[in-house]
Amino acid sequence: MATILVLHGPNLNLLGLREPGIYGATTLADINQTLSEMATKAGHHLQYLQSNAEYELIDRIHDARKEGVDFIIINPAAFTHTSVALRDALLGVDIPFIEVHLSNVHKREAFRHHSFFSDVAQGVICGFGATSYELALQAAFKILGTPV
């Protein structure tokens, strides 16, 4: 059984309420529930953290190494375009990760096109709404050698 950490960045606590035309009507609790069901079926354990504070996400990444977390799925949200510190934390713990986004960041404002994570991630999944997380989890299962 692998442990997979799912990190949700700033403002994702407002999913379902904030700009539903861009981010959809699905709540963060709904996303986490779906992922938990998928992980249970595959025999894995998921941990979650949503934070609007960069340092909390960094601390959780550091703790993941100590805890033996096997994989990270991260939606850095607005930190995608600004956080060298989060990038360095992920590189520092040497845990494979997938970057995920609900919206297609490449169809949005130009400042959203740059990511500090995509060049060091196992992969990037964006533009499929809440399904982006499910696709990321399926990819994590494959990378970990688990049947999907």
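Any Cβ shown, glycine's included, is placed from N, Cα and C.
What Swiss-Prot says about this protein:
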type     : residues                        : note
ACT_SITE : Y23                             : active site, proton acceptor
ACT_SITE : H101                            : active site, proton donor
BINDING  : N75, H81, D88, L102, S103, R112 : substrate binding site
SITE     : R18                             : site 'Transition state stabilizer'
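You'll find the Cα of H81 (substrate binding site) roughly 12 Å from the Cα of the residue listed as 'active site, proton donor'.
For the binding-site residues N75, S103, the ranking by surrounding Cβ atoms (within 10 Å, all protein chains) places N75 first. For the residue listed as 'active site, proton donor', other Cβ atoms within 10 Å of its Cβ number 25. If you count neighbouring Cβ atoms within 10 Å for each of the binding-site residues H81, D88, L102, the highest count belongs to L102.
Secondary structure from DSSP puts S103 (substrate binding site) in coil.
Reduced to three states, the DSSP call for N75 (substrate binding site) is strand.
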